[in-house]
Each structure stands twice: as C-alpha cells, then as structure tokens.
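Let me begin by presenting the structure, written as structure tokens, before commenting on it.
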Amino acid sequence: MMQNFMYKLSEWNPQLLREVKGRWQLRNILLAVAVSLLGQFILFIYCQTQLPPNYINSSYEYTHKYCTGATQNFNLPPCLLDKYDRVIINWQLWSQDVFMLLSFTAILALLVGGAYLLISDLATEERRATLNFIRLSPQSPESILYGKMLGVPILLYFGLLLAVPFHLSLGINAQIPLIQIFFFYGILIVSSIFYYSGALLFGLVGTWLSGFQSWLGSGLILGFLLLAKAALRDGRTGNYPFTIFQLFSPNYFLTDYTGEFEFTRLHWFAIPLGRSFPIMVCFNILVYLIGIYFFWQSLNRCYRDKNATMLSKKQSYLLTSCFVIFTLGLANWQTQFLDKSHSYLGLKENLATLMFLDLWLFLYLIAALTPNRQTLQDWSRYRHMYMSQQLGKSKLISDLIWGEKSPGILAIAINAIIAISCLIFFTLVVPGSTSDKLIVLLSVVFAGSLAIIYAALAQLLLLMKNEQRLFWANGMVGTVIILPPIVLAMLFSNPNYQTFLWLLSVAAPIIILYPSTGYITPMTAFLALLGHGGILGLLMFQITRQLKKSGESATKALLAGN
C-alpha cells in the first residue's frame with residue numbers, strides 16, 4: 001500500500017517525493033512528535049502558573065485576572081470562593097488566553113520556521129550545484145517549487161497537526177465558534193502559501209547573501225509579525241492604511257469569547273467590510289491571492305533564468321496599480337467626508353502613511369526591475385549595433401517602457417506616475433482649501449522624484465565591475481536613504497534650519513506636510529526641485545555614458561572575434 005502511494009506521489013510530483021523521502025524518516029518523525037508534545041506541555045504548564053492560588057485568605061480582598069467577581073473602574077476582578085473555600089476560576093477566559101497564545105506560537109512556527117527551512121534548502125541546493133541539475137529536469141517550475149513548498153517543511157506540518165486537537169479543545173472551552181476557528185485555519189493556510197512563495201523568491205534571488213540568507217529572510221518575517229502584533233493594536237489603525245500590516249498577520253482573525261473582532265471598524269473606500277466576518281475573510285484571502293500571483297510570476301521568471309529581473313515592466317505596472325488602489329481604499333474616507341473640520345489633518349495623516357507604504361513598494365520595484373550588468377551590456381550592444389545602422393531609434397522609448405533587458409528607470413518613473421495619480425485623486429476629492437491641497441501635491445511630487453533618483457542610483461551601482469556589486473548597490477541605496485536624515489537631525493535638529501538640505505533627503509515629503517515653521521517658502525521648494533533634477537541628471541548622464549561605452553566595447557570585441 002505504501003509503495004502504491006509512493007508510486008502515485010512520484011507520478012503526481014517527483015520533486016515532492018524526493019523531499020519527503022529525504023525527511024520522512026523514523027528518527028525525524030519521533031523528534032517532531034517529541035518537540036510538538038513537549039512544546040504543548042510547556043505552554044500548558046506555563047499558563048497554569050498564571051492562575052490564582054486555589055486557597056486564599058478570605059480576610060482581605062484578592063484580585064486576579066482569572067477571578068470571577070464584578071470588576072469596578074477597570075480594575076482586576078475580585079476572587080470569589082466556592083463552598084469549599086476554593087477560588088472560582090474563569091476557565092473560559094483562561095482557555096481563551098491559552099488558545100490565543102498557542103495560535104500565535106503556531107503562526108510563528110509555521111511562517112517563520114517554514115520560511116527558514118525553504119530558504120535554507122534552496123541555499124543548500126545552490127551551494128551543492130544541484131539546483132541547476134533540477135532545472136534541467138522535464139518538470140515544470142511550478143511542479144518543482146510546489147514540491148519544495150509541500151515537502152521541505154513536512155515535519156513542521158506534522159508537528160503542528162499534532163497540536164490541532166489541543167487547540168480545538170481550548171477554542172471550544174473558550175466558547176469561540178468552530179466556524180471562526182476553521183476560518184482561521186483557512187487564513188493560516190493561505191498566508192503560509194503567501195509567505196512561502198516570498199521565501200522561495202528570496203531564496204532564488206538572494207544567493208549573494210550566502211549563509212546569512214535564511215536568517216535574514218526568516219528574521220524579516222518574524223520582525224514583521226511581532227511588529228503587527230505589538231505596535232499596531234491601536235484602534236485608530238482600523239481606519240488608516242497601516243491596516244495592511246494587520247491583514248497580513250493571521251492572528252487578527254481570531255475573536256475572543258466576547259465576540260470582539262479586530263476588523264470591526266475596517267472600511268475600504270468607506271464600505272464597512274469589517275462588519276461581516278465572512279466578507280472580511282474573503283477580502284483578506286483575495287489580498288493574499290493577489291500577492292501570491294505576483295510572487296509566482298517572479299518565481300517563474302527567476303527560476304527559468306537566473307539573470308532575469310523579478311518582474312517584467314508590464315507586471316510592475318499591474319502590481320503598482322493593484323497596490324495603490326488597495327492601500328488607497330484603506331484610507332479614512334468616511335471620516336474625511338463626514339468630519340470636514342479635521343479633513344486637512346486627516347488628509348495629511350493618510351497621505352503620510354500612504355507615501356510610507358509606497359516607499360517600500362518602490363524599493364521592491366527597484367530591486368525587481370533593475371537588470372544586472374551582463375544583461376545591460378547585451379542590451380547596450382544591441383542598441384549600439386542598430387543605432388549605428390540608423391535603425392531602431394523609434395523603438396527606444398518603447399523598449400525602455402516594455403523591454404525585458406532595458407534599464408528600469410523609465411518604468412520606475414511610470415510606476416511613480418501611477419502611484420502619484422492615485423494620491424492626487426484622493427487629495428482632490430477630499431474637502432479642503434486650495435492652498436492646503438497644493439502643499440500636499442508638492443509633497444507627492446517630491447516623493448515621486450526621490451523614487452526615480454533611488455532607481456537611477458541603484459542602476460548606476462549595478463553597472464560596476466566589482467563582483468560584489470549587488471552588495472554595494474543594496475548597501476549604498478540603503479545608506480543614501482537612512483544616513484542623510486540622521487546626519488541632518490544631529491546637525492540641525494529643527495528642519496527649519498537648512499530646509500533645502502532636508503528636502504534633498506527621504507524625509508522631504510514629510511517635511512513639506514509638517515513644516516516646523518508652518519510653511520516652506522516657494523523659493524526653497526523650487527530650489528530643492530532643481531536639486532533633485534540636477535542629481536537625477538548627473539546619474540542619468542553617468543548611466544548613459546557607461547552604457548554607450550560598454551555597448552561600443554562589446555561590439556568591437558564581437559567584430560574583432562569574427
């Protein structure tokens with residue numbers, strides 16, 4: 001029977017069979033069982049220590065979180081005694097707390113642990129040069145990567161399945177509806193596919209990080225989940241774009257025994273999606289599926305060709321459109337139109353958060369659209385040969401917009417225009433004075449200009465002959481973003497001093513939205529825009545010069561060889 005199952009598995013997905021056979025050994029299974037059961041036991045014992053003592057001195061009032069007395073003024077409830085003078089414990093609340101703790105532990109184990117295993121496995125395959133051998137197999141990239149996703153964390157899946165009975169019993173004791181628990185399981189499965197897809201992509205493109213790759217990838221996921229849990233529980237985030245962080249953290253779909261749901265106040269383009277739990281679950285799954293789609297587009301490209309960019313330019317325009325529309329819908333539309341007395345303040349807050357989110361989008365786009373040195377050399381040689389024959393001049397712009405191997409700076413600019421257009425639309429439809437809206441529009445223009453400058457800088461650095469150019473490009477772009485505001489804050493703590501220099505840093509959009517003196521002079525803003533144009537012009541001049549030089553050199557070498 002087992003042989004028949006293995007045969008069917010090999011027919012369906014040979015890569016999955018390879019991964020399972022390498023890990024599904026008796027010793028590994030026993031270890032997974034021991035770790036799972038021991039972890040559940042330790043968690044149970046720890047939560048038992050949080051209970052009040054069985055017997056207390058009844059001569060004075062004793063309060064505790066898990067006691068059952070009536071609370072007053074938000075204090076802890078006093079403990080009540082039964083007829084045997086034992087403390088009556090609120091087992092429902094205790095079960096709910098243990099349920100939530102076990103849920104979050106499972107989320108961390110599944111998402112962080114699984115991502116680490118996948119990235120580490122790809123790094124090992126790359127180091128042993130077996131990944132290229134797998135690429136030569138007749139299996140499709142989807143089949144191989146699906147096999148990796150299902151097979152590499154197989155023992156982790158098994159260990160977590162052993163915790164399901166304990167988890168369900170806690171949920172039932174906490175009187176959490178079973179349908180909500182199963183909805184949570186569905187969200188957890190979809191989120192795992194999302195994070196694992198991202199981990200596989202990071203494993204393919206982050207080989208330059210060497211042994212640090214798996215730790216960095218899983219650490220980023222861990223940091224994000226902890227940030228989403230600890231720092232974003234403010235009720236105001238339900239009406240602000242930062243809600244996107246909560247949507248990518250499955251623990252927010254757990255409701256306690258009172259039935260309170262974290263997304264009750266969530267609106268999307270003023271539509272109260274959070275009032276319906278099933279609709280909110282479907283909306284969240286849709287968001288995950290869109291992210292999974294773009295990850296797999298990148299996985300297909302990078303798996304087939306290690307030198308390919310993560311996204312084509314056409315895919316980047318679609319990604320930007322989806323992202324900005326989705327995040328724009330999370331803005332506080334309902335309050336902006338109902339409470340006109342605070343509309344400008346709300347507009348600035350929403351624009352600041354939207355531009356912060358767009359910054360991370362464009363950092364990803366810069367990494368996803370910027371070709372490497374060899375690809376650009378091939379492209380520049382092609383352009384030089386055809387330009388020398390007076391052919392292809394009319395196709396240059398089209399190639400820069402849609403081409404696979406052309407520089408990605410114009411594509412980044414088009415993506416910036418898409419993002420800016422959505423922000424301008426939000427600014428124009430929200431009630432407010434013309435002067436206030438002009439300030440907001442100016443900050444958006446600065447944000448778009450900075451994105452293009454960072455893209456040009458990354459492209460120039462990737463044209464270096466240094467073998468560690470990926471490391472230098474990432475390090476220098478990160479330094480240019482982070483270091484100037486720190487230095488300016490140390491030298492001029494008040495942005496009112498040397499405002500021109502502040503407007504050349506990544507903080508420029510925020511400085512314009514929240515000027516320390518109440519306004520920024522038009523001349524200062526104009527000079528800063530000229531500064532942006534000068535920096536971009538210098539970068540473009542250097543890129544053009546290097547591309548032309550490499551194209552001519554490669555063409556001469558090719559002709560000499562013939």
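Cβ coordinates come from backbone N, Cα and C, glycine included.
If you check TrEMBL, you get these features:
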TRANSMEM  29-47  transmembrane segment
TRANSMEM  98-119  transmembrane segment
TRANSMEM  150-170  transmembrane segment
TRANSMEM  182-209  transmembrane segment
TRANSMEM  215-232  transmembrane segment
TRANSMEM  277-296  transmembrane segment
TRANSMEM  316-333  transmembrane segment
TRANSMEM  354-371  transmembrane segment
TRANSMEM  409-431  transmembrane segment
TRANSMEM  438-464  transmembrane segment
TRANSMEM  470-492  transmembrane segment
TRANSMEM  523-541  transmembrane segment
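Listed as Cβ neighbours of the transmembrane segment (470-492) (distance under 8 Å, sequence separation of 6 or more from its ends, same chain) are residues 208, 363, 366, 370, 372, 454, 457-458, 461-462, 464, 498, 501-502, 504-507. In this chain, the transmembrane segment (150-170) lies close to the transmembrane segment (29-47): three or more C-beta pairs between them fall below 8 angstroms, excluding pairs fewer than 6 positions apart. In terms of C-beta pairs under 8 Å, the stretch of 215-232, 354-371, 438-464, 523-541 lying closest in packing to the transmembrane segment (98-119) is 215-232. Outside the transmembrane segment (354-371) by six or more residues, the chain places 205, 241-242, 244, 298, 307, 309-311, 313, 316, 319-320, 323-324, 327-328, 331, 379, 405-408, 411-412, 415-416, 419, 423, 426, 443-444, 447, 451, 454-455, 458-459, 462, 473, 477, 506, 509 with a CB less than 8 A from a CB of the stretch.
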